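Structure first, commentary second.
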Amino acid sequence: MARKPDAHAATTHEQEHEQEHGDGTAATRSSATRSSAALPLAATVLTGTVALYIALVAFGNITDYGTNREFVRHVLAMDTTFRDPDLMWRSITSPALQDAAYLAIIAWETASAAVLVVATWLGVSGLRAGRGQAGRGRSLATVGLLMVMVLFGAGFIAIGGEWFSMWQSKAWNGVEAALRNFLFAGVALVVVHLPREAD
């Protein structure tokens, strides 16, 4: 006589299978949660690092005003370049205009630092408060990082380096340092905009 299948054993086996599957799903979900939390943290840390750097740059230019004022004056005057007559018409030799340009740089640095500090604070708050706060921090971080990139990319590399031929100067060439700062802010901006699970 054929033996009937044990219904209880079959049910138990199915429950064990579901439990194993459920455990795997939970582990995957936990891993994804950790991953999704790591990216906002990385973006906030990088934003805060750029904020600290540009704040210290602005502070240094304010408290040690004369040192970098000389840098700006020499770059604008083009007096340590090759002094090519075809280029020297671009030079700005008025001390008043040179100082105005320097003050504009300091103001831009200070504004960038302020925006990034607020973005960092919102980012830290967003790690605990949730998506809305983090979204505002992300938007402000974008603005602040772009401000830094415009300063060093358009201001120092393009205008200073090319228009005023700063690359020709052995004593007052800030192109390499500006490029480092530009890339630093650029990497932070990329991380800020990496896709997140909540997006």
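Any Cβ shown, glycine's included, is placed from N, Cα and C.
Because TrEMBL annotations are produced automatically, they should be read as predictions rather than curated entries.
The feature compositional bias 'Basic and acidic residues' is assigned by TrEMBL to 1-23.
Residues or ranges marked as region 'Disordered' by TrEMBL: 1-30.
Residues or ranges marked as transmembrane segment by TrEMBL: 38-59 (among others).
According to TrEMBL, the transmembrane segment annotation covers 100-122 (among others).
The annotation transmembrane segment is assigned in TrEMBL to 143-165 (among others). Listed by sequence, the residues of this chain that lie at least six past the ends of the transmembrane segment (143-165) yet keep a Cβ under 8 A from its Cβ atoms are 47, 50-51, 54, 75-76, 78, 81-82, 84, 87, 90-91, 105, 108-109, 111-113, 115-116, 119, 174-175, 178-179, 181-182, 185-186, 188-189, 192.
Residues or ranges marked as transmembrane segment in TrEMBL: 177-194 (among others).
Sequence-distant neighbours of the transmembrane segment (38-59) (same chain, 6+ residues past either end, Cβ-Cβ under 8 Å): 106, 109-110, 112-113, 116-117, 119-120, 123-124, 126-127, 134, 137-138, 141, 144-145, 148, 181, 184-185, 187-188, 191-192, 194, 196.
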